[in-house]
Amino acid sequence: QLFFPLQNGYPARRRSLVDDARFETLVVKQTKQTVLDEARQRANDSSVDHEIEIDDKPTQKPDQQNEDDIGLTEEEVVLANAIAEGPEAEKAIQRAALILRLREGMNSLSRVLKAIEKYQGVVIHLETRPNQRENNQLDALVKIEMARSNLLQLIKGLRQSGTLEHLTLLGEDNISAKNPWFPRHASELDNCNHLMTKYEPDLDMNHPGFSDKEYRARRKQIAEIAFSYKYGDPVPFIEYTETENKTWNAVFTTVLELMPKHACVEYRRVFRVLQEEGIFQPDRVPQLEEMSNFMKKCTGFTLRPAAGLLTARDFLASLAFRIFQSTQYVRHTKTPFHTPEPDCIHEILGHMPLLADPSFAQFSQEIGLASLGASDEEIEKLSTVQIYWFTVEFGLCKESGETKVYGAGLLSAYGELLHALSDKPEHRPFDPATTAVQPYQDQEYQPVYYVADSIEDMKDKFRRWVSQMSRPFEVRFNPHTGRVEVLDSVEKLESLVHQLNTEVLHLSNAINKMKAPSIL
């Protein structure tokens, strides 16, 4: 289930999705060379080291390629045509991604990496995971840079060898992937459960549960339950211990005291209903299944269990289907008011009440839809400084002239909640364009918080920001089929025009109200 588990946890006072995007990039850089060295070492130690033969024959001319093109994919045909444009095009450096199914696991991977080396290619990114159908096979994603002619010869050589079960080329740069893969239905989220870390208490010496063997075993047990979950299964029932229920009680009682004065009206309204329906009780941790049923009744959002902190892309993708991936473990009892990574108390008290509010649920889904097919850079912006961090995690909003809290990181951490509403930090109007350059703080309290006029105001500003994304297509969720539909450039333009007309109409109505004489 994991893509290259990390060797060390990252030391952070409080873990959140915001750490994911930037840390994910850092981890790739740090582990790429290690993975390559390990694979090469395996190859050197192997008693049978079948190298992939290199075809030194010159690239064929277009009229000689017709028969060979029959076995090529569309992307490979485009590559071949680009090579045929001339000597400079043939030697041009091409960036591409190869999706490989390896017959012999790491041994096959080592031979692939040797072939890339011999074709003078550079590995930019490398991921592997066990194949879901064949236990002894691995799937690999390898992003490379090499001369176009060498790339085409490499692909042919790999196909002719017995190393691979399957190979797919996804082009980048000049060879565009017109339809990048992303989940089109909620069932495909079974493929979107990759963790940034394995089991944090086992890896991070600063974790409060690092030296607690019993706690680490409990975390592993609950994580395994989440890993075995598949779409359509009921959310697993967790029998929480007396200690875990006491930890919940400590946090719940504190939130109950602070909420009436500091939380936004949308949060207070849902919190009260959860109490009335007997889901929020001080003496027990709510089950995800009952929270999921409640949210589905209110906004259509449902829950699925997660084993830990997911990658930004996987987490955001689930929001597009109105699904929130939630942990089920409880923070360590030594630190009931702080957790170094999101636990179920943070999810239940911080996130879920607002996901049962129609307006906020819509905003969360739009973040998810914006992430589908987005570039790595845009994923980082969506999950960090521009959107998720200063809104869903640590957002503030105006309410009857007062500043209120709606961010989950504040609602489940009373120390920072009081800090955020004090006169110590700076409060700025929420604007995605300006928050893009504001660094976030994951070790201490934030020096700056962004205040939206309302959740509706936040949604409108977000939609305008999304319209400037570089995706050549637009996506929308069809609630009748439960599928994400892709719109082409013309449909995207029509959607933007409709959005602009709606904004003009709202502005016109506001101006007319200002001009209208008041009636005493």
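Each Cβ is built from the backbone N, Cα and C atoms, and glycine gets one as well.
When Cβ atoms from all protein chains are considered, those within 10 Å of His351 (Fe cation binding site) total 23, not counting its own. Feature annotation from TrEMBL assigns Fe cation binding site to His346, His351, Glu393.
Annotation source TrEMBL lists compositional bias 'Basic and acidic residues' at 38-60.
Summarising the annotation, TrEMBL assigns domain 'Biopterin-dependent aromatic amino acid hydroxylase family profile' to 167-515.
Summarising the annotation, TrEMBL assigns region 'Disordered' to 38-68.
Within its own chain, His346 (Fe cation binding site) has Arg331, Thr339, Ala408, Gly409, Ser412 as residues 6 or more apart in sequence whose C-beta sits under 8 angstroms from its own.
The number of other CB atoms found within 10 A of the CB of Glu393 (Fe cation binding site), across every protein chain shown, is 25.
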